[in-house]
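Student: The structure's right below; bear with me while I get my questions together.
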Amino acid sequence: MTANPTGSARFLIVGPQGSGKGTQGVLVAEAFGVPQVATGDIFRANVSGGTELGKRVQAIIEAGDLVPDALTSELVRDRLAQPDAAAGFLLDGYPRNRGQVDDLAEFLGGRGEGLDAVIELEVPREESITRLHDRAVKQGRTDDTEEVIANRLAIYERETAPILDVYRAQDLVLAIDGVGTLDQVTQRIFDALASRGLIAQGSGGNGAAA
Ligand code: ADP
């Protein structure tokens, strides 16, 4: 089979906090040779860099609330307009609600593009809470306190999980069991993508890194 016959690799990775989507997203993006665009990382870099954007979003992020859609969607639009995202991208943490789903569809539609797959990482709530607490100890993220974690998970369940219905209706969702070793989960993702004819270049039919 030829590598990725559609030629494009426009992916979303969606999952609750602590699902491992950041880690898996990087591996998928690398395998397909597309940039990983993680809105949370971009916001955090702006906060630590003390930029204007960082000053605007700092309090919102520390409370675990969502940055306004207009600001977030503009940031993503600008990032996806960069040349390295012309043939594809992996978005992590965006879209996160219905408004952002619509913004993304409008932007991509305007370019005559569409998504190729939405990777849904399924992890039970208890497991994600445990992982987040472990991460809080290791990384010291200011939004990894008990109260803020609860807020972020509640927003995920209320606003983000429902966007999967939109993508399910478009037959884009690949539901992946996110419980297992990192390698097992990675393999499940590449197998699911391959089942849609989405095969990473130079992977010999298996997108997992050697
Ligand atoms: P997590 O998924 O663990 O909450 P992220 O790194 O994806 O972490 O996001 C961190 C914070 O950045 C969010 O709590 C929110 O304040 C902000 N953020 C990230 N992506 C978005 C988005 N698409 N829309 C609004 N706010 C966002």
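Our numbering is plain: 1 for the first residue shown, then up by one each step along the chain.
Note: Cβ is positioned from N, Cα and C throughout, glycine not excepted.
As annotated in TrEMBL:
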{"type": "BINDING", "residues": "Gly18, Ser19, Gly20, Lys21, Gly22, Thr23, Arg135, Gly180", "note": "ATP binding site"}
{"type": "BINDING", "residues": "Thr39, Arg44, Asp65, Leu66, Val67, Gly93, Tyr94, Pro95, Arg96, Gln100, Arg141, Arg152", "note": "AMP binding site"}
{"type": "REGION", "residues": "38-67", "note": "region 'NMP'"}
Student: Listed binding-site residues are Gly18, Ser19, Val67, Arg141; which sit with C-beta under 6 angstroms of ligand 1?
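Tutor: Result: Val67.
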Student: Round to a whole number and give the Cα-to-Cα distance in Å for the pair Thr23 (ATP binding site) and Thr39 (AMP binding site).
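Tutor: That comes out at 14 Å between the alpha carbons.
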Student: Among all protein chains shown, how many Cβ atoms are found within 10 Å of the Cβ of Arg141 (AMP binding site), not counting that one?
Tutor: 16
Student: Tell me, in order along the sequence, which binding-site residues from Asp65, Val67, Tyr94, Arg96, Arg141 have their CA within 10 Å of Arg135 (ATP binding site).
Tutor: Arg141
Student: I'd like to know which of the binding-site residues Gly18, Ser19, Gly20, Lys21, Gly22 sit within 10 A of Thr39 (AMP binding site) at the Cα level.
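Tutor: Matched binding-site residues: none.
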Student: For the region 'NMP' (38-67), what are the DSSP-based totals of helix, strand and coil residues?
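Tutor: Its residues divide into 23 helix, 1 strand, 6 coil.
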Student: Can you tell me which binding-site residues out of Asp65, Tyr94, Arg96, Arg141 are within 10 A of Ser19 (ATP binding site) by Cα, answering none if there aren't any?
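Tutor: So the list is empty; none.
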Student: Find, for the listed binding-site residues Lys21, Arg96, Arg135, the residue with the lowest Cβ contact count at a 10 Å cut-off, counting only other Cβ atoms.
Tutor: Arg135
Student: Rounding to the nearest whole angstrom, report the longest C-alpha distance spanning Thr39, Arg44, Asp65, Leu66, Val67, Gly93, Tyr94, Pro95, Arg96, Gln100, Arg141, Arg152, listed for AMP.
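Tutor: Pairwise Cα check on Thr39, Arg44, Asp65, Leu66, Val67, Gly93, Tyr94, Pro95, Arg96, Gln100, Arg141, Arg152 gives a maximum of 25 Å.
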Student: Roughly how many angstrom lie between the C-alpha atoms of Tyr94 (AMP binding site) and Gly20 (ATP binding site)?
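Tutor: Just about 15 Å between their Cα atoms.
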Student: Could you work out which of the binding-site residues (Ser19, Thr23, Thr39) has its C-beta surrounded by the smallest number of other C-beta atoms within 10 A?
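Tutor: It is Thr23 that, of the binding-site residues Ser19, Thr23, Thr39, has the fewest other Cβ atoms within 10 Å.
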Student: Between the binding-site residues Asp65, Val67, Arg96, Arg141, which lies closest to Gly18 (ATP binding site), Cα to Cα?
Tutor: Arg141
